[in-house]
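What follows is a short report on a single structure.
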Amino acid sequence: MYSASRFSPLVSVVRHTVITLPTPINISTWWNFGSLLGVCLVIQIFSGLILSLHFTAHTDLSFYVVIQSFGDVYYNWWFRAFHANGASFFFIGLYLHIARGLYYGSYVFKEVWSVGVVILLVVMASAFLGYVLPWGQMSFWGATVITSLFSALPVIGSDVVIWLWGGFSVDNATLTRFFGLHFVLPFMVAGLAGLHLFFLHDQGSSNPLGVSSDYNKVVFHHYYVLKDLVGVCFFLGPLLGLVYFNPWLLGDPENFIEGNPLVTPHHIQPEWYFLFAYAILRAVPNKLGGVVALAAAVLVLFYMPFSPKTSIKGLSFYPGGKSLFFSMIGVFFLLTWAGSKPVEEPYVVISQVLSFLYFAYFILIGPVTRIQDKLL
């Protein structure tokens, strides 16, 4: 491998990326999720390519093509279940990866963190576009509700919505362009992931102690390669179990009904991984305010590299910071629960309180840790 790398730039890049990369010796299992997300991305791209071979982006055909391909196309049911549930596991990995970064202070690496947040935004966009493609009831009305949010933009809102729809309602032009974008965006994610890794390897990984590990590193192979492989096995086990035993557990029954613009579902809601943001959107009675709060729920992550600096990276040695962090994790789960409930009391008030607590974390975490620095 070493002799080959002298003659091949590609071999040299692979060698320095997965073989001889200096890695902190004390990073824990929480650092496995980066490689797991890479595996998930490959799975989603491959299964999506297979599904696209038997898909027709047309409002009169999409729903029936998806249903018919279950019985007529060999193992198509498996690829669709794997793709749909793979998206859920992708977001589980993303949220855990972000939570690890918040807890251990990985956001101090500004370039790595910023590219990671952009990846999150692109993955969210791709997941939303993919959810529309089966053209079930929840797909159609989800597309209608989310795209209509752009009408809240001052002056240009209505024009933006018409441009997104390709007409005056969610119709065939909308579905066609959503399919095209859904096909392209995963490759953009792959490119951004490469940029993410470039900055990561340039700046180095953080570690659980939050101290410099320049003098205590090992090469990535064999130890961390094997560790990542074990993590992939543990990750794929539950995913395959879900695919084989209950593939539609995380789906919405309404999506087994063809999209009908004349019949509105009783309760329109997105997939579970968007429910926290959906709850924040509904918590604000003003439409423009709700859209701003929805965007801020994710964009607030860009603020973290500019939050007040502490003596030690991460929250491991800050009891107050740890309490705030785990409280925020609880708030995130409660927001997900509140987003799945109808827009009625007491869920609206609960969503408002939880939304306030969610944003309060990002405001308070810096001052709280700085106060503990001074006390120590």
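Each residue, glycine too, has its Cβ placed from N, Cα and C.
Annotation source TrEMBL lists domain 'Cytochrome b/b6 N-terminal region profile' at 1-209. The transmembrane segment annotation in TrEMBL covers 30-55, 86-106, 112-133, 140-166, 178-200, 221-245, 272-302, 323-340, 346-366. The heme b b562 binding site annotation in TrEMBL covers His83, His182. Per TrEMBL, heme b b566 binding site is recorded for His97, His196. What TrEMBL records for His201 is ubiquinone binding site. What TrEMBL records for 210-376 is domain 'Cytochrome b/b6 C-terminal region profile'.
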For His83 (heme b b562 binding site), the number of other Cβ atoms found within 10 Å of its own Cβ: 19
Cα-to-Cα gap, His83 (heme b b562 binding site) vs His97 (heme b b566 binding site), nearest whole Å: 20
Chain residues in Cβ proximity to the transmembrane segment (346-366) (below 8 Å; excluding those fewer than six residues from its ends, i.e. six or more beyond): 276, 279-280, 282-284, 293, 296-297, 300, 303-304, 307-308, 321, 324-325, 327-328, 331-332, 334-335, 338-339
Paired segments the transmembrane segment (30-55) and the transmembrane segment (178-200) in contact, 3+ CB pairs under 8 A: yes
Fewest other C-beta atoms within 10 angstroms, as judged across His97, His182, His201, which are the binding-site residues: His201
His97 (heme b b566 binding site) versus His201 (ubiquinone binding site) - Cα distance in angstrom: 17
Neighbour count (Cβ, 10 Å) for His196 (heme b b566 binding site): 22
Segment-level pLDDT (mean, integer) for the domain 'Cytochrome b/b6 C-terminal region profile' (210-376): 90
Euclidean distance between Cα atoms of His182 (heme b b562 binding site) and His196 (heme b b566 binding site), Å: 21
